[in-house]
Amino acid sequence: MESTVHHRFGVKSENTAKDEQGIPLISKYFNTKGRYEEVNPYLRQDILAVNRSILQPPSSQCREIHLTAIIRHGTRYPTAKNIKEMQQLHNIVLNNSIGEHSWLREILTQWTMWYNEDMDGRLVQKGVEDLKHLAVRLIRLFPSMISEEKLRGGLIRFITSSKDRCVNSTLSFKAALTEMWAIRDVEFGHEVNDALLRFFEQCTRFVQEVDKNQSAVIEVQKFKQGPEMMRVQEKIAEHLGVPSSFITYDLAEAAFFLCTYEFAVKAINSPWCQLFDEDDAKIIEYASDLREFWKRGYGHDINSKSSCILFHDLFSRLDKAANENKLGQQVSEAVTVQIGHADTLLPLLTLLGFFKDKVPLTSTNYASQTQRSFRTSHMMPYAANFLLVLYDCGEGGIRLQPLLNEKPLTFPGLTDQQVSMSLYEDVRKHYGDLLNGCDFETECQLFNNPAEV
């Protein structure tokens with residue numbers, strides 16, 4: 001199978017030392033704009049490598065009965081807003097720079113601004129490959145679940161957000177399966193469900209109280225104007241040889257994006273990357289994590305509660321699979337593949353209690369948060385994926401294994417167990433309050449301001 005896969009997907013074994021040279025030293029701080037290969041570096045040598053030994057059921061009796069994969073779309077172009085800022089920065093450099101660095105001369109004389117606003121967040125070729133490669137790795141990890149027989153039998157379901165980058169990621173994932181098994185006689189559909197995968201747009205309370213409310217992200221604003229970030233902006237201006245008043249936070253971020261996107265989209269270690277040392281990158285990473293924390297993570301209760309609809313959908317699917325299995329029936333939906341956004345995954349992971357630090361992220365505790373769990377560079381690269389695998393372990397009961405980016409996790413609060421996979425009934429008990437409450441309609445209702453009543 002190995003050679004077939006490598007041949008079919010055109011994967012070349014490249015010189016790894018050469019690869020490493022082409023990787024910016026700051027690439028591990030790219031937040032939600034990072035490559036999946038930076039989270040799992042072994043993939044740089046073999047993009048289809050899997051390690052089945054990470055799946056260690058408590059007994060040899062255990063067999064997989066259901067898999068849900070909630071996946072972020074693959075690598076995309078910058079948004080139109082980001083592209084405007086990148087163009088603005090490029091113009092400032094072209095018209096004002098008096099620096100002498102060789103990399104700066106390269107920006108001034110050789111580098112061209114090739115981004116245009118029509119690209120606006122669309123999936124790139126690398127993004128197509130991200131999803132194809134992920135699909136092949138999941139086949140290798142779960143061969144009894146993601147199989148030609150189950151695909152043809154209608155037991156694998158595909159659901160996507162309506163955004164082009166998600167639809168095209170879904171098509172790429174499906175293409176990998178049909179190419180793998182050379183299926184040409186049938187097409188497999190997918191459904192678009194924004195209520196499930198873009199719930200954050202449909203949760204009125206979240207939109208009003210957090211998304212469109214500047215005071216909800218006051219910690220982010222304070223950090224952007226704080227001493228750490230000001231120092232980064234001054235260094236960028238100095239390196240570029242432009243007046244420091246020209247480099248705002250948005251333009252400093254645009255410079256960082258020029259480094260991150262060149263690498264994510266084209267695998268180029270761009271001259272723009274030379275603007276930043278590791279300390280600068282960590283500060284910009286923290287500014288971005290602060291934003292995600294206060295807009296999608298633990299900063300406000302409604303951030304995670306907005307994902308109640310996805311949470312209930314997930315558990316109703318797991319319940320159904322467990323019940324069908326208990327009755328000796330074939331599980332009617334063996335695999336569910338849902339493709340959405342970083343904004344789909346982060347609130348759900350937060351609702352489930354993953355990556356929660358003892359102390360919230362604020363504008364003043366950058367120095368003490370260097371070892372924080374809530375780090376989107378590790379959690380949420382392009383093609384990030386949250387997998388939930390349900391096992392029937394015979395007398396050992398039904399068990400549930402969560403994985404993020406192909407690495408096993410343990411459910412928060414269920415870590416004292418002697419085995420790697422929690423009993424499904426224990427997981428249900430643990431999240432009992434959310435299963436019985438956490439109603440999307442109620443949580444997302446905008447309550448009138450008492451002063452207006």
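From the backbone N, Cα and C atoms, a Cβ is placed for every residue, glycine too.
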Candidate cysteine (C273, C308, C393) that TrEMBL pairs with C62 in a disulfide: C393
For C62 (disulfide bond), nearby residues of its own chain (Cβ under 8 Å, 6 or more apart in sequence): Y391, D392, C393, G394, G396, R399, M421
Disulfide-bonded residues compared (C259, C273, C393) - the one with the fewest other Cβ atoms within 10 Å: C393
